[in-house]
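Participant: I have a structure I would like to understand better, so I am pasting it below and will then ask my questions one at a time.
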């Protein structure tokens, strides 16, 4: 057995080329290795013992850096150098001079700001750029070809002021006044005194009562049952009251109760429902808007109290107003747009009804409301009423600029 195995090994060693050819033909695990892979060693290394590194360089050297091109320079001794006398004193004097100059400039800026010479950054006055006056006013541009007044002085004789056909004349043209179109003459409403209104209602009742009596006489309507009361019981029902007074009294009381129930039912039927009341309020607000669109702006120091903010928010919604409550850490701005009647009611709320210096807990705070501006506008700037929250002046400017009312913030800031 041993001799056979040794013989096999010798035959395999003696025939390497034949085995390689067989490996190429067979494939699989018998595939010949690549020449580059044959050069690499197959010796396994224990990474736990050697930390995964095999480096034969000097101790302390970095195994990941090529050590052939590294040269160690010789350290040279630095000579003792002394600072000249007064060096740091001069630097300190220079720093003090710069600080004094900065303080002087800051003080001068504060003085100019107090005088109102410098632009106010909070109101964004630094964003405005002053423009030079135009060389020619816009109303003179159509009459000057060179866009200079020199043309007028050079050709002064050509400008005839006495001719009607001249471009510039002493005459003023007044257009013919045309009456505006209308549906017809508007009847003025007659206002009556209380006595006149009372007399008018009495006459109307008499006319209706007479018409009702005439219809009963003609037989068109049945006669109404007698209106018996406890006071006229004996006069109306004499015989029946004598025969059965208890039954007659019970019947009369029942008729009185029926008449009262009928009267109350008619009143309830005439009373408008909640939807009808809301519709009436909406129609009243729309009629108020047709008379003119008003707007008011209020400056409030703070709207931190929930009760005060709720009053402002709910009244603005119920009155059908448009606008916003701009809440800012510096101050709050309330802008409302609507009819004259709603604006007048909201103004009483802001200026009189709400006690701004008292919280819901009856605590006193430093708060107040000031009217910034009130006037009439042509169209709505806001589509609805909504509160908006901002963090600083820039955010407030950005929000108001969307609606074209950034001037409200500047005007309120100066109050």
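Keep in mind that glycine also has a Cβ here, set from the backbone N, Cα and C atoms.
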Participant: According to TrEMBL, which of these ranges is region 'Disordered': 147-172, 173-198, 199-224, 225-250?
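Facilitator: My reading of TrEMBL: the region 'Disordered' range is 199-224.
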Participant: In TrEMBL, which of 1-20, 21-40 is labelled region 'Disordered'?
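Facilitator: Based on what TrEMBL states, region 'Disordered' spans 1-20.
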Participant: Six or more residues out from either end of the compositional bias 'Basic residues' (199-210), which same-chain residues have a Cβ under 8 Å from its Cβ atoms?
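Facilitator: Same-chain residues near the compositional bias 'Basic residues' (199-210) but 6 or more away: 192.
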Participant: For the domain 'Small nuclear ribonucleoprotein Prp3 C-terminal' (297-412), DSSP counts of helix, strand and coil?
Facilitator: 45 helix, 33 strand, 38 coil
Participant: DSSP says what for the region 'Disordered' (199-224): how many helix, strand, coil residues?
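Facilitator: Across the region 'Disordered' (199-224), DSSP assigns the residues as follows: 19 helix, 0 strand, 7 coil.
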